[in-house]
Structures are given as structure tokens and as C-alpha cells.
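Some notes on the structure that comes next.
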Amino acid sequence: MEREVQRVRQAFLSGRSRPLRFRLQQLEALRRMVQEREKDILAAIAADLCKSELNAYSQEVITVLGEIDFMLENLPEWVTAKPVKKNLLTMMDEAYIQPQPLGVVLIIGAWNYPFVLIIQPLIGAIAAGNAVIIKPSELSENTAKIVAKLLPQYLDQDLYVVINGGVEETTELLKQRFDHIFYTGNTAVGKIVMEAAAKHLTPVTLELGGKSPCYIDKDCDLDIVCRRITWGKYMNCGQTCIAPDYILCEASLQSQIVWKIKETVKEFYGENIKESPDYERIINLRHFKRILSLLEGQKIALGGETDEATRYIAPTVLTDVDPKTKVMQEEIFGPVLPIVPVKNVDEATDFINEREKPLALYVFSHNHKLIKRMIDETSSGGVTGNDVIMHFTLNSFPFGGVGSSGMGAYHGKHSFDTFSHQRPCLLKSLKREGANKLRYPPNSQSKVDWGKFFLLRRFNKEKLGLLVLTFLGIVAAVLVNAGYY
């Protein structure tokens, strides 16, 4: 493993990943891979998650293609050095910030969206000029295999490497020194990744999870609310990091919510949900049994049917859920939706704030002041008002968690920034040494006073131009008054 990481590092040190033209070529090659081998990619995703190819395309491939196009369109601007404002002491110098690649990046993917969750950060790492080692999740083995097969056929084989394996291989990888580690997964493993990274002082981006709350105000259209929640909760069989984990609402709304979700489930998946091509399965037997254990002692108002042989769990709703029970102590990551009754928005806000910061917050209400109040009074990785999950689709947003739901962010420009070092550069002249005497010993109060004058006043090009014009105006006025014109 050490030899492989060193091989990738030597490829990075060769400098060929840095030129803009090379980065654009690699991104175009990646897009070509997705387009030309679409059927193979979709088949692998479908095999891992019992997902229809239409769902695999809409949930993963579209996002990847959109991200590549966004990078190709904007990358020439992002890589350009940006001038900064200057003070009087540096007004004659060149001062700018130059984005610089970090080096060798490790991307550790997750199994629930096994393609997009490794390729989307890879896009950002390539755009920033890095070399990358990719470790797909071993639980989504078909996608891991197809990625390992296809990437070397389209991308630089020395700079972008896929390493497959399980816990042992990941543990060995984490012993190596990287310049950034990007991990998507659960909080427990996130802590292990961060601990390993700390030994090398390696910065990390941790895309974790948590229990994303969904508050439903009594002032809303429950038909629309329940359609949107049903879509977001049961998509991918509930195995989505930003799926609504539980509902907070007044007790009087519970029966209406259950009924409307029931009707929507029938509309989305038909009378026989098990036969629907749009309803996936739990990834493996261990997660299947874990989710079943969360149902023990609960009041099942909808669903609850299971089939261990196919790892099927029906869309399920629990009512009158006690916050102290097991289902409210861990991220569900499955098609089980608890409803916790609260008296009002104040109690809902307190409930959220008493727990770990979630990856997402969802609030439904016709009252936008109430939505913005909950935004102001809570903390979460992201927020969508009157819908779920949709903030993920906007690549001008940073996507990431806060607190135990993660650290750092990516998507669009935020991916480029995550994998770049913003390097400040000041270019001075070896002339005008007289002005530098102010900073040389011996010191004096006069030098300190002049230093304050020079350092505490900042200049940009516009202000410098105005200063020059003002100075020329004063000179012209003096000359006129002196009778030269």
C-alpha cells in the first residue's frame, strides 16, 4: 500500500496534473467514460441496491454529468490568480491569491449512492490539480469493480488510482500520509478517519449523517407536504444521508399525515410495493436486522411488512414515538419514519437543539417567518423549507455537515476550494529601499507612527486611480494659480 501511494505521489510531483489544459482534458475524459459506459455503470448500481436503471441514472449519473459540465464551464476562471487589496506599504507591489493543488488526496466512498459519492469529489480533486486514490465501499462491490475497471481506461493511470478492499485495506491506506482525506459514511468511522489523519496533520472533509428532523406546521398543505416527504424518505429505501429521519408535529396532525403518506405510497409504488421497480432493498442482512430492531415496541401505523430473503422492508410510519426509545437514538437509514408529537414550534426547536446537529433540517409551513425563525434558532448542515433533499441539487451551495454530522463541504466551486490551497503571493521590487528603512532596526516612535500610517490604510486599483487623479488635479490647480496656464 505504501508503495502504491508513493507511486501516485511521484506522479503528482512530476507536475503534469497542474496545467489547466490537462485538468480539462481529464474532466472531459471522465464525462466520456460516464456517457460511453453508462449501461455498465447503471447495471452495477442496480445490482448493488436492487435499483432500476432509470432511478440509478436520475439519482447518480445526472448529478455527475452536471457537476462535470459546471467544472468545465467555470474552471478557467477559478484557477486564475485573484488580486487582493493592498496597503500603502505594498501599493507598488503585486499581491494576489493563487489556488494551488494540495497533492495526493484520498477519497473514501459510501455504499448508498456508490457511484456519485466517489465520482463527485473526484471531479473536484481533478479540477484542483491533485492526484487521487479512490477507495470505494466494499459493500457496493459491483460498483466498486466497475469503477476500478473503467477509470484506468479513461484517466491518467498514475495520477488516479482505485484501490478496492475491505476494512483491512482501508486501515492500511489510513496509515499512509495524504494531503487531504475525503470520507463519506457514518460518524463512528468518521472519528477513526480523523484520528488516523491527525497523525500526519492531514486535513479532512467528513461527510457524515445524523437524524435530520422534519417539522410540519399546522399551517400548510398536508397533501403536498406528505408527497414530498414520502418521496425523500423512501427514495433508495430510506438509505439517504439527508433523508428526513423523523417528523415533529402537533399530535392532532398524526392521523392525517399517516393517511396521506399511505395514499402517496400507493400512488408511487402501487398496490404491491414489493413488485415496484422504483422501490429498492436494504443493502445487506446486517443493516436489515438493525432496522428491524428499531421497530420493537413501537406503534406501527403504516407498513411494517418485511422479507428477510430479499431484504425488503415496506415503507413504514410509527406514531406517538417516545424520544427515549432506540429508534430515536441513532440514524435510521432505512424506510422507517417516526412521528414525535410536540406542542408547538418552540418545543420542536428545543427538541432539535437538545440533540446532535443534523446534516439537514426540513420545515414545512405557509408561514415563511416561522421557517426563517427555525433556521435562525437551530443549527444543521443545510436547510430546505417546504421540501426535502432539494438543497443537494444546487451546486452553488456548499454541501456538508456541522458538528457530528460532518465538517467541510463540497459541490461546485466548494469542491475546488476544498481540494485547493489558497496561496497568498506578494511580489516586491529590489528597488525603493528607502521606504524599507522604516522596518529595519533601530526602532523609534517615528518609525512606529509611519508604520501605522502605511499599514492601516488599504488600497485597491480603483482607490489608487482616484488618488492619482486627485493628485494630478491638485498639481494642475497649483500650476494654473501660479500662472503657468
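Note that Cβ sites are derived from N, Cα and C of the backbone, with glycine treated the same way.
Here Swiss-Prot flags 1-463 as topological domain 'Cytoplasmic'.
Summarising the annotation, Swiss-Prot assigns NAD(+) binding site to G185, N186, T187, A188, V189, G190. The C-beta environment of V189 (NAD(+) binding site), restricted to residues of the same chain at least 6 apart in sequence and closer than 8 Å, consists of Y183. In this structure, V189 (NAD(+) binding site) is part of a helix by DSSP.
There are 26 other Cβ atoms within 10 Å of the Cβ belonging to E207 (active site). The feature active site is assigned by Swiss-Prot to E207 (among others).
Taking Cβ-Cβ distances under 8 Å and a sequence gap of 6 or more within the same chain, the neighbours of C241 (active site) are A110, N112, T184, E207, L208, G209, F333, L359. Here Swiss-Prot flags C241 (among others) as active site.
The annotation phosphoserine is assigned in Swiss-Prot to S293 on the grounds of similarity to another entry. The DSSP secondary structure for S293 (phosphoserine) is helix. The C-beta environment of S293 (phosphoserine), restricted to residues of the same chain at least 6 apart in sequence and closer than 8 Å, consists of K326.
Per Swiss-Prot, the feature transmembrane segment maps to 464-484; the stated evidence is sequence analysis.
Mean pLDDT, taken over the motif 'Prevents secretion from ER' (481-484), works out to 57 on the 0 to 100 scale. Taken from Swiss-Prot, the feature motif 'Prevents secretion from ER' covers 481-484.
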Message: Centre the Cβ atoms of G185, N186, T187, A188, V189, G190, go out 8 Å, and tell me which other residues of that chain have a Cβ in range of the NAD(+) site.
response: Y183, K191, I192, V193, L208, G209
Message: Let me check the 10 A CB neighbour count of T187 (NAD(+) binding site). How many other CB atoms are there?
response: 18
